[in-house]
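Annotation source TrEMBL lists domain 'Phosphoribosyltransferase' at 46-152. The annotation 5-phospho-alpha-D-ribose 1-diphosphate binding site is assigned in TrEMBL to Glu116, Asp117, Ile118, Val119, Thr120, Thr121, Gly122, Leu123, Ser124. Residues or ranges marked as orotate binding site by TrEMBL: Thr120, Arg148.
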Amino acid sequence: MTRDEVLQEFRDAGAILEGHFILTSGLRSSVFLQKARVFMYPDKTERLCKALAAKIEASGLGPFDFIVSPALGGLIPGYETARHLGIPAMWVERENAEFRLRRFELPAGSRVLVVEDIVTTGLSGRETVTALQSLGADVRALACLIDRSGGTADAGVPMIALAEYKVPTYDPNDLPPELAGLPAVKPGSRGLS
Ligand SMILES: O=P(O)(O)OC[C@H]1O[C@H](OP(=O)(O)OP(=O)(O)O)[C@H](O)[C@@H]1O
Ligand SMILES: O=C(O)c1cc(=O)[nH]c(=O)[nH]1
Ligand SMILES: [Mg+2]
C-alpha cells in the first residue's frame, strides 16, 4: 500500500479530525487521527494490517513469537496483524497508570513485536517495551500504522511504520493563535478514570 492509499483509508472513514487536541504526550495538535473510526470497518483494518504484516516480514527483524500491543488503540491492529503473521496477540493495559500484561503469561526470552496504531512521540511504545523487558521479553521491534513524528520518535527498538504523516505538535504553553482560541479536547484513554 502506498502512503496515499493508507491515508485515503483514514480519510474515507472520517478519521482525520481537525480542531484542538490534547495528545497522550501532553502536546497539542490541530489534527487527530481517530483510528477507532477506521477499526470499526473490518475490511479497512484487514487491508491496512495485511500491508503492515508484509512490511514487517520484509524488514528482516523477525521472526517473532508474539505481538503485544498497548490498549486501547493498539489492540485491534495488534490482533489483525497477528492474524496475517500467524502468531498470537496479547495486550498491555494501564493499572495505576502503568502498562501491565494483566491477562497473559509471556515466557522469558520471547521474541516480541510491539504493534501500535499511531506513533507521535514514541512515549506509549517505549512504556510498552519497558514493561515487557521487565518480564524478560526480547522486544525486537515496534510496528505502527502511522508515524506522525517524521521518523524522529524513539521507542527504544527499531520501528516499522506503514505510512508517515508528519503533523505539527505544540507545547501547551506555546500555542499558535489559531489553536489558542479553540477549546481543547483529549480523545485518548491515558489518564481516564
Ligand atoms: O507516541 P505517543 O506520543 O505515545 O502517542 C501515540 C499514542 O497515543 C494514543 O494512545 P492514547 O494513550 O491516547 O490512548 P488510546 O490507545 O486508548 O487511544 C495512540 O494509541 C498511541 O498509543
Ligand atoms: O499523540 C496522540 O495521542 C495521538 C495522535 C493521533 O493522531 N491519534 C491518536 O490516537 N493519538
Ligand atoms: Mg494508545
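Positions of Cβ are set from backbone N, Cα and C atoms, glycine also.
TrEMBL annotations: computationally assigned, not manually curated.
Computed from a predicted structure; not experimentally measured.
Shown are the binding-site residues Thr120, Ser124; of these, the residue with the fewest other Cβ atoms within 10 Å is Thr120. When secondary structure is read from DSSP and collapsed to three states, Ile118 (5-phospho-alpha-D-ribose 1-diphosphate binding site) falls in the strand class.
Here the candidates are the binding-site residues Thr120, Gly122, Ser124. The one whose C-alpha lies nearest to that of Arg148 (orotate binding site) is Thr120. When secondary structure is read from DSSP and collapsed to three states, Ser124 (5-phospho-alpha-D-ribose 1-diphosphate binding site) falls in the helix class. Ligand 2 lies within reach of none of the binding-site residues Glu116, Gly122, Ser124, judged by a C-beta closer than 6 angstroms to any of its atoms. Each residue in Thr24, Ser25, Gly125, Cys144, Arg148, Ser149, Ala153, Ala155 lies on the same chain as Glu116, Asp117, Ile118, Val119, Thr120, Thr121, Gly122, Leu123, Ser124 and has a C-beta within 8 Å of the C-beta centroid of that 5-phospho-alpha-D-ribose 1-diphosphate site, without being one of the site residues. Taking Cβ-Cβ distances under 8 Å and a sequence separation of 6 or more, the neighbours of Ile118 (5-phospho-alpha-D-ribose 1-diphosphate binding site) in its chain are Leu33, Lys35, Gly73, Cys144, Leu145, Ile146, Asp147, Arg148.
Cβ neighbour count for Gly122 (5-phospho-alpha-D-ribose 1-diphosphate binding site): 22 (other Cβ atoms within 10 Å of its Cβ, all protein chains included). The number of other Cβ atoms within 10 Å of the Cβ belonging to Glu116 (5-phospho-alpha-D-ribose 1-diphosphate binding site), over all protein chains shown, comes to 27. Less than 6 Å separates the Cβ from ligand 3 in the case of Ser124, drawn from the binding-site residues Ile118, Thr120, Gly122, Ser124 in sequence order. Here the domain 'Phosphoribosyltransferase' (46-152) has, by DSSP, the following mix of helix, strand and coil residues: 36 helix, 34 strand, 37 coil. Residue environment of Arg148 (orotate binding site) contains 23 other Cβ atoms, counted within 10 Å of its Cβ in all protein chains.
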